[in-house]
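Listed in Swiss-Prot for this protein:
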type	residues	note
REGION	70-96	region 'Necessary and sufficient for nuclear localization'
REPEAT	609-638	repeat 'ANK'
DOMAIN	757-786	domain 'IQ 1'
DOMAIN	799-828	domain 'IQ 2'
REGION	826-845	region 'Calmodulin-binding'
REGION	830-851	region 'Necessary and sufficient for nuclear localization'
DOMAIN	882-911	domain 'IQ 3'
Amino acid sequence: MAGAGGWDPLVGSEIHGFLTYPDLNYEKLVAEAAARWFRPNEIYAILANHARFKIHAQPVDKPVSGTVVLYDRKVVRNFRKDGHNWKKKKDGRTVQEAHEKLKIGNEERVHVYYARGEDDPNFFRRCYWLLDKDLERIVLVHYRQTAEENAMAPPNPEPEVADVPTVNLIHYTSPLTSADSTSGHTELSLPEEINSHGGISASSETGNHDSSLEEFWANLLESSIKNDPKVVTSACGGSFVSSQQINNGPKNSGNIVNTSMASNAIPALNVVSETYATNHGLNQVNANHFGALKHQGDQTQSLLASDVDSQSDQFISSSVKSPMDGNTSIPNEVPARQNSLGLWKYLDDDSPGLGDNPSSVPQSFCPVTNERLLEINEISPEWAYSTETTKVVVIGNFYEQYKHLAGSAMFGVFGEQCVAGDIVQTGVYRFMVGPHTPGKVDFYLTLDGKTPISEICSFTYHVMHGSSLEARLPPSEDDYKRTNLKMQMRLARLLFATNKKKIAPKLLVEGTKVANLMSALPEKEWMDLWNILSDPEGTYVPVTESLLELVLRNRLQEWLVEMVMEGHKSTGRDDLGQGAIHLCSFLGYTWAIRLFSLSGFSLDFRDSSGWTALHWAAYHGRERMVATLLSAGANPSLVTDPTPESPAGLTAADLAARQGYDGLAAYLAEKGLTAHFEAMSLSKDTEQSPSKTRLTKLQSEKFEHLSEQELCLKESLAAYRNAADAASNIQAALRERTLKLQTKAIQLANPEIEASEIVAAMKIQHAFRNYNRKKAMRAAARIQSHFRTWKMRRNFINMRRQVIRIQAAYRGHQVRRQYRKVIWSVGIVEKAILRWRKKRKGLRGIASGMPVVMTVDAEAEPASTAEEDFFQAGRQQAEDRFNRSVVRVQALFRSYKAQQEYRRMKIAHEEAKIEFSEGQLGAACRS
């Protein structure tokens, strides 16, 4: 598989962090596929850019270790049939697969399924696909043969293991090998090296850490040896032995420790900090797993000097009792949990989830404390680009009593990202900070990846200008203010542009009436502004905004009167295609809606893209503006002009849903359906008037004693009933209209007698469909009302089972009893009457007649539907919109936040209705 367009930017780079194809280096990943599992961001990059790679059309037969294959799940549904024998569930038929969702950053983005070989337990398969609905059809299958042995060793460890205090620092991870999805039981396999980098193997690099390791242990144990030469007590907690003892061990020891270490070992090295002592499940390795850990003698030093570049490697420290303690047993039950990479960690619930971090963090070599051990003097730089790796240098000094920790391994926590640091010199640490979500995060230094030992500073991730991520970020406060100012300038330019025109006397009278309806600005608003300015402690920024708004309001009144006097039917648009009402809707000027309504201009005036003021308000989530527009009579069922992305156009509810305003979208969808049905009723497209519909009206007195959550749920249920009833009535009206048109077309295209028969058949079919539909609705309502409790449903099921059995037994009895009589009677009729007396062929000679089927003339059909093509397309689009609207309302039940937004929108609409009614009443009194 090869990539195309190597230097073109990759899709989803802001998520996985690879900007171009060379950054991903897919060829290297394939080469490493047999040695390690892919990371979640690498998997996301491959699946999101699957067009660059080969998609297999058939399952691969018996793939070997290191095979990576891409399939289209919709095309190759049997991609799991690869010829291998995988471990089955208890039924012996279904493959036993465990699954989980992997996180990239803070969000779950990848779904993974694990399977383990039946014949070869060391052979694994992982299937990945994305949680994104648009990309979930592509699956990546990774096969890998691990180097592990059977982890389920005999429970009795060798005697010399219990006699020697040891350093149980085991560098291992394990995939989730098998899990029974039914019972929830998980079988754990403890491989020698399975991780996202392929683990650590014994090599010549092990010896490079000897000198630094000796210095490390010497510094830690020096003070303790002076105090007690027999018992070494470390200030940092954990179990330690000297590097000399480690180096003296045989190179190919089958166990973690051996008898050769016993003679040189310090008698007591079982040192556990208070925090670790209270967590009995922390840092303890199951004794049953010791048999699987082979050839660890060569790797001990390399395991102690942690491979900080590995993403999922982890150290698990075990405390083993020495002979002096009188206890050589190791707990057999160790709490295990799994991180997002499918790796099992033997830690307690309070230990940090290090497997989720981009870099692995070793277990703590210091006491867990909230006390500050170190003071940060300088951080350079204090920011980084969110899509690049940046080198950050931190300078700090340990306090006097903690100087002995200056040589310890240091980690920096940047938000949720833990990064291992390099010691440049004493007090100077270098960190390589990877990509991160833009924004400010907390930064502190730590020795264990969790507990801060320094003050918490601020670190900022910036967006690189010109990157694809910059366009997807939400606008900042400065951008929001700048956009508002631009809209205000456009509105002012549109209102203050003068176009003198001769006014007819009739229009002058009309303009005078409109001017009388619009009251002048109340003096109280000017006085409020003056009082704010008189306050010496007040701020002038909101006063400036209020002053500009009052000026625009006064000018808008004059401008609308001028438009009426000049005889304009609409208010016109500016150079960018928006009118004054659209700009006011964007800015949230609710007072402008009443002025437009009084002046007689349409509230559904469209801009150059077919957007109304309600579309703009819904798109920007302005609930007060939406409520004011709806109370003034704006139509929520209108759609925008079609675009290549949405050929059928978008409603205001669709626009609100696209921006994440689910509650607002549900409210607009409900109002759009009811408004459409009311419009059809007024135009007599349906026989059912709005007053006869079953649209639910909430009675406030019924819900006085309900909590807010219960009220939100009640109103959501009522909204769903309203939307479903309105959609059902609209579709029924459309079917009635279609039947009328088809009847008229058939009557014109066929003779009178034939046409009447066809029309009668069509009416019968239509009535039968309606009857079935109503019957199903009644049955559904009856089921809902009768089976709300478990007891009633259980009784119904038992009764139905008994009735079916009785009916079956009775029918069988009746058939068996009458069978011989029927056969004898038919034989007599055939032989005696038909064949002998009538001299005919009998029943066997009667040809089975073909059923008469009513057909419609094929030549007349195009004539009846030719002019309906665009109507049919429009109706299909309308039905899709209705279904979408019902789904939007139904989505309220998945989010309490959306229910709150819906309730808030409903209350705002009711208040806006009252305010608009009072304004209309005042205008009528003035006129």
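Yeah, the Cβs are placed from backbone N, Cα and C, and that goes for glycine too.
Within its own chain, the region 'Necessary and sufficient for nuclear localization' (70-96) has Cβ neighbours under 8 Å at 1, 46-47, 50, 53-63, 115-119, 121, 123, 125, 127, 129, 136-141, 143, 178-182, counting only residues six or more beyond its boundaries. Long-range contacts of the domain 'IQ 1' (757-786) within the same chain: residues 732, 735, 739, 742-743, 746-747, 750, 792, 796, 854, 856, each at least 6 residues beyond the stretch ends and with a Cβ under 8 Å from a Cβ of the stretch. Mapped onto DSSP classes, the domain 'IQ 1' (757-786) shows 30 helix, 0 strand, 0 coil. Summarising model confidence by region, the domain 'IQ 2' (799-828) averages a pLDDT of 86. Each residue of the repeat 'ANK' (609-638) gets a DSSP state, and the totals for helix, strand and coil are 17 helix, 0 strand, 13 coil. Residue counts for the region 'Necessary and sufficient for nuclear localization' (70-96) by DSSP state, with H, G and I taken as helix and E and B as strand, are 0 helix, 6 strand, 21 coil.
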